[in-house]
Every structure is written in C-alpha cells, then in structure tokens.
Amino acid sequence: MNKKIILAIESSCDETAAAVVVNGREVLSNIISSQIDIHTKFGGVVPEVASRKHIEAINAVVEEALEVAGVTFDDIDAIAVTYGPGLVGALLVGLQYAKGLAYSLDKPLIGVNHIEGHISANFIDHKDLEPPFVCLVVSGGHTFVVHVEDYGKFEIIGETRDDAAGEAFDKVARAVGLGYPGGPKIDKLAKEGNSDAIKFPKANFHDDNLDFSFSGVKSAVLNYLNKMEMKNEEINKADVVASFQKAVVEVLTDNAIKTCKMRKADKIAIAGGVASNSALRENLLREGEKRGIKVLFPSPILCTDNAAMIGSAAYFELLKGNISKMSLNAKPNLRLGER
C-alpha cells in the first residue's frame, strides 16, 4: 500500500493544533497550542479571544508539525481540516488556512467532522481496531453513543437532549468553586470523596431509548448546594463531586453497554475529553469485563482536541475519494454523519 501522508489542522475550540499522520494510524507529529490558561480567568472559553489566539498561533504550529515529522510540504499528499462542529470564528481560522495551503500547493483538501475525528483517535492507539464497534463520545460539547458500522459510517443510537456530560462537569465545578476546566478538577477531588454520600438523580428513558440528559443531575447539585448554604451547613465538596460524577458515569456506562447488547457488539471505544476521566474508565472496564466486552481508550493526549485524530479520519475519507471543494465553509452545528 502506498503511504499517504496527511497534514491535519484542528481549531474548533480553544486548541490550535496541527499533525502529520501516515495512513490514518501512524503519527509523525502532533502539535497542540492550548489556550486553557487564557480562558481559565474567564471561567470558560471566550469565542472572540479563541479566534484571535488561533490566528496568532496557527502558522507556527503548522511549521512545528512539519519540522517534528521531518517532512516538507512536498511530502504531503493531502491537507485535512476540521470544518465543524465548533465555534464558527475558531473553525474559520483553521479552515481558511488549510484552504490556502491546499490551493497554493495544489493538494487535495479534506474537510473532517470534529466528532468523527474523536472516534478516529482510537484507530491511532489501537492499530488492529476495525469497524464494527460501539463508540461512546463524551466531551464538553457532545455526548453520543454510536454504532460505527464502517469507516466514516455511523448510526447514532443515543445523544444528549440538553447538556453534554463535559458541560455538566464544568458547570458543577464552577458551582463548587473549582473553576475551569471542570472535568479534570472534579476527577481529582472526587477521589477524596464518598460517591455514595448523596443520591443525585440519573435520567433513564425507556429501554429502547438510549438518549442522555444531564441537566437534571446538574440542577440537583445546584439545588443541594443552595439548600446547604441556606441552612448554613458545611458542604463537603469532595462528597458532592464524587456523588455527581458517579451519577454521570453510571448513565454513560449503562447506555454504552446496552448499545453493545442491542447491536451484538463486543468492543466499546471511548472518545472525547471526558474519556480521560478515571472513574469512567474504571467503571466501563469493570462492567465490560463482566460481559466479555473489550473496552478501548485513546491515550490522554488523543482524548483532548488534537489534529492527529483529524488526520486519521481524513485518511479514510481520502480512500473513499471524498475530497472537499474550495467552497467548503465552516459548519458550527455539523452533526455526526453529515457532510
């Protein structure tokens, strides 16, 4: 098989990233310029600030990706870029840069769905992973459980009806005074708490409906905190976040396991920033082992937004001849499976 070397660019939120990926599974470089320190003081991502920082960083990030990979533009077979979903201003920075490169170098342009990229991160760390399998996508903006039928072909089994899991983590973290980003801080503090101390609600729909809802548990936490403050009672933050985390993790795990049973799948892959959560990993591994289901995780660097996952997804699009036109535009509300 001829090697296909792809230069990939990701700028959908607050990471400016570029990577060089070979045949969808071998990463020669994966450079990420994070804005997390900038947005922390605002308590969350400020879209306009994110866009400006992408503009400042993108050229240097791409140059570093090429240098670390030991390749030049002449070695690149295609340019890949995230075009949605995400913050429209942030997306446009990466997209316009990639289009400029593709045009000037006369290379194919491949637009990639950001969520599909998260799923494809598993192909990098698990070289023998092939469809079909179930994937649980859990991030700050998205929560899906999908059946991956083939490369680039997905059946959405369940999705969030309101807050994404990562969004709920951020809001609860802010409420208890942990700040941003909430996911890692809750994960760390929860280890010191009793996850059975407080019974927070879990949204369970009918057996054949595997959608998610996290607004209820988020509101329950906020109500609990308000009541404790009104009574002037001491709040054990570790117990609060541990109990909240348990409620979220159990719903995520239950729906992933049920999807495996529904589609007769024996593999679950996890994707997205919340895939780094230690409680989620432990619970899924434990429940999967009970049922003979193999549970796969990307390495932490591939759970967060990165360009290597975009390069992986782009490779399989390239094999199918899915080349984007120069008229490709940013789609902030792009859904999984849409083009």
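For all residues, glycine too, the Cβ spot is worked out from N, Cα and C.
Swiss-Prot annotations:
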BINDING   His114, His118, Asp305  Fe cation binding site
BINDING   Val137, Val138, Ser139, Gly140, Gly141, Asp170, Gly183, Asp187, Asn277  substrate binding site
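Neighbour counts of Cβ atoms within 10 Å were compared across the binding-site residues Ser139, Asn277; the minimum falls on Ser139. There are 25 other CB atoms within 10 A of the CB of Val137 (substrate binding site), with all protein chains counted. Among the binding-site residues Val137, Ser139, Gly183, the residue whose Cα lies closest in space to that of Asp305 (Fe cation binding site) is Ser139. Take the CB of Gly183 (substrate binding site) and look out to 10 A: across all protein chains shown you find 23 other CB atoms. Of all the binding-site residues listed (His114, His118), His114 has the fewest other CB atoms within 10 A of its CB. The Cβ centroid of His114, His118, Asp305 marks the Fe cation site; residues of that chain outside this set whose Cβ lies within 8 Å of it are Glu10, Ser12, Thr82, Ile115, Gly117, Ser139, Gly272, Asn306, Met309, Ile310, given in sequence order. Remark: Gly141 (substrate binding site) has Cys13, Pro85, Gly86, Ala164, Gly166, Glu167 as non-local neighbours, by Cβ distance under 8 Å and separation of at least 6 in sequence.
Largest Cα-to-Cα span within the substrate-binding set Val137, Val138, Ser139, Gly140, Gly141, Asp170, Gly183, Asp187, Asn277: 18 Å.
Around Asp305 (Fe cation binding site), a 10 Å sphere centred on its CB holds 26 further CB atoms from the protein chains shown. DSSP assigns Val137 (substrate binding site) to a strand segment in the three-state reduction.
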